[in-house]
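Quick look at what Swiss-Prot annotates:
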- GLY475, PRO476, PRO477, ASP478, THR479, GLY480, LYS481, SER482: ATP binding site (BINDING)
- 152-179: compositional bias 'Polar residues' (COMPBIAS)
- 631-647: compositional bias 'Polar residues' (COMPBIAS)
- LYS556: SUMO cross-link (CROSSLNK)
- 449-599: domain 'SF3 helicase' (DOMAIN)
- SER90: phosphoserine (MOD_RES)
- SER94: phosphoserine (MOD_RES)
- SER108: phosphoserine (MOD_RES)
- SER121: phosphoserine (MOD_RES)
- 89-116: region 'Disordered' (REGION)
- 141-180: region 'Disordered' (REGION)
- 184-350: region 'DNA-binding region' (REGION)
- 622-647: region 'Disordered' (REGION)
Amino acid sequence: MADSGNWEGRCSGWFNVEAIVERKTGDAIPADENYDGDDTEDSEMGDFIDNAHISNIYSQQEIAQALYHSQQVNADNEAIRVLKRKFAGSAGSSPDSKRHELKHKQRSPHILTIRDTNTTSTHLLCEEQDSGYGNTEVETYERQVPGPGGCLQSTSSSNNGSQMASPGETNSGSSSISNMDIDMESTPITDITNILKSSNVKATLLAKFKEVYGLSYMELVRPYKSDKTQCQDWVCAVFGVAPSLAESLKSLLTQYCLYIHLQCLTCSWGIIVLLLARFKCNKNRLTVQKLLHGLLNVTQEYMLIEPPRLRSTPCALYWYRTSLSNISETVGEVPEWIKRQTVVQHSLEDCQFDLSQMVQWAFDNDITNDCEIAYKYALLASEDSNAAAFLKSNAQAKYVKDCGTMCRHYKAAERKQMTMSQWITHRCDLIDDGGNWKHIVQFLRYQQVEFVPFLIALKQFLKGIPKQNCIVIYGPPDTGKSHFGMSLMQFMQGVVISYVNSNSHFWLSPLADAKMALLDDATPACWTYIDRYLRNALDGNPMCLDRKHKHLLQIKCPPLLITSNTNPKADDTWKYLHSRMKVFTFSNPFPFDSNGNPLYQLTNENWKAFFTKTWSKLDLTEDDDKENDGDTVQTFKCVSGRNPRTV
């Protein structure tokens, strides 16, 4: 320290510093006092004081607090993780719901196994009545854990993951984690039983259904493997339905169903609902599950949904007899598959399959393809008893093949016995009115084709006069040649032959049963083939036709229309064909409107109007007594008359 002499010289300064230290904060400093904020000497005196150990103490305390805080955070996170793992599959909103489940064990023990993870379904059967005070912030529950020596001890836990520690316990993070893991050391017997029961939920539900209803659920249904397969009728068994919802289910389903058959029986699980429903439209299993889940508040895992057995008489009798008893409620008209197997009149209508009825149906509807016959006739099973008998038969493929063969034979014979005038009249009767014949005439004029010469050629063409039996339409591409020819073939129901099949001996076999034919896009190679082998066909004289697996057939070639980009009369190579055909030239591109539609509509209705308008010009015969005597062609009938069956 400084000597005493120096201190005596600065005696007043010493007191000033001491006065400043004792003055209260905020007091004004007199102006006559000399105060310097940077007291260098005082700072020099401070260097004599060693305060390093005080800083070390403070830093150690801060490190300890940070370590303690991190340990507490880790312990809290671990406690929350354990609680989440324990209560992840709980159906209640808090651990207190376990006490409610044990309380209602006798009424619905399935709640111990059924865990609904949907948080929105909070109004289940075991919901506790609200006391009016609301739920407490911290909900605790007691559970028994094995203590030392195998004794059971009661522990308390809260929903925030904290443990109630004893006075002797410490607050370290490791002890908290060990306390939270105690619940994993024991597995009650009831949990093991629930796991065994829930390992096959469907088997458990089927066993309970058979115990309650006295019959197997699978005896009433035919299982669908896919959840996307659609059906109109469904048999649903729903487990654990609330009584109030079970009573109102019939009224809730009325807006979705045409027929409802509802049964409700009570067991130890609650109410089991058995439902036979015919919906207004086809639905798949997933759609029905979502509908019932929304109406009954039952998870989809505890529903059995399958379509019913439609051809089982015992199943039909079960639904019919239970509908008459007081254990079921029905709404709507009974499905026809139940009536057919239970009502006397419907039973009498079941008969053996008659092939003649199937052939008559195919002939009347002009169906000759085997695939169309099989599909469309099967659709009539719900309306036609013979179609239902067809579906029950084990020889459906044979019946379809025989029906198609006979129908084609009958159609071919019908065409052969008709003249060209009768055939055109027959085709016109099948087409609606309302056509405009001017479209065809205007299109011919647009292509610079004289209408009168074309009409004369068409008259001779339809009559099949020798040397006038073939019409050729020649022109550049995209002039509407094929469109004109195809529209005429569609109206006349003619056939189309293709030169691409000329390597086969049977490529001309469609001409055997045709009233008119079209050879589209004849190339020079095709004209060479016609010049070599088909001169008689163009003449309209009889020719010999080879058919597959059949003897040779002698026929007169039907009127043949040919379209080509090559003019056969311009080449002397085919000079022998010049006198056998009538050539018309289409020189202008086919016209379209601004929307891309054809400007001239060559439809069946317009062709009907064209033939009706030019009937006399084409020299087609007309039946004068048609109104009095009816059609000259007899109506085909292959089904013999029979007396109605009476009871």
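Placement of Cβ uses the backbone N, Cα and C atoms for every residue, glycine included.
Features recorded in Swiss-Prot, as mapped to the structure shown.
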residue : record           : Cβ contacts under 8 Å, 6 or more apart
GLY475  : ATP binding site : GLN447, LYS481, ASN565, THR585, PHE586, SER587
PRO476  : ATP binding site : ASN565, SER587
PRO477  : ATP binding site : ASN565
ASP478  : ATP binding site : PRO589, PHE590
THR479  : ATP binding site : GLN447, PHE586, SER587, ASN588, PRO589, PHE590
GLY480  : ATP binding site : PHE443, GLN447, PHE586, PHE590
SER482  : ATP binding site : ASP520, ASP521, THR563
LYS556  : SUMO cross-link  : GLY464, GLY540, ASN541, PRO542, MET543
Beyond the site residues GLY475, PRO476, PRO477, ASP478, THR479, GLY480, LYS481, SER482: chain residues whose C-beta lies within 8 Å of the centroid, for ATP:
THR563, ASN565, PHE586, PRO589, PHE590
Cβ density check for LYS481 (ATP binding site), other Cβ within 10 Å (all protein chains) comes to 26
Summarise the model's confidence over the region 'DNA-binding region' (184-350) as a mean pLDDT value.
86
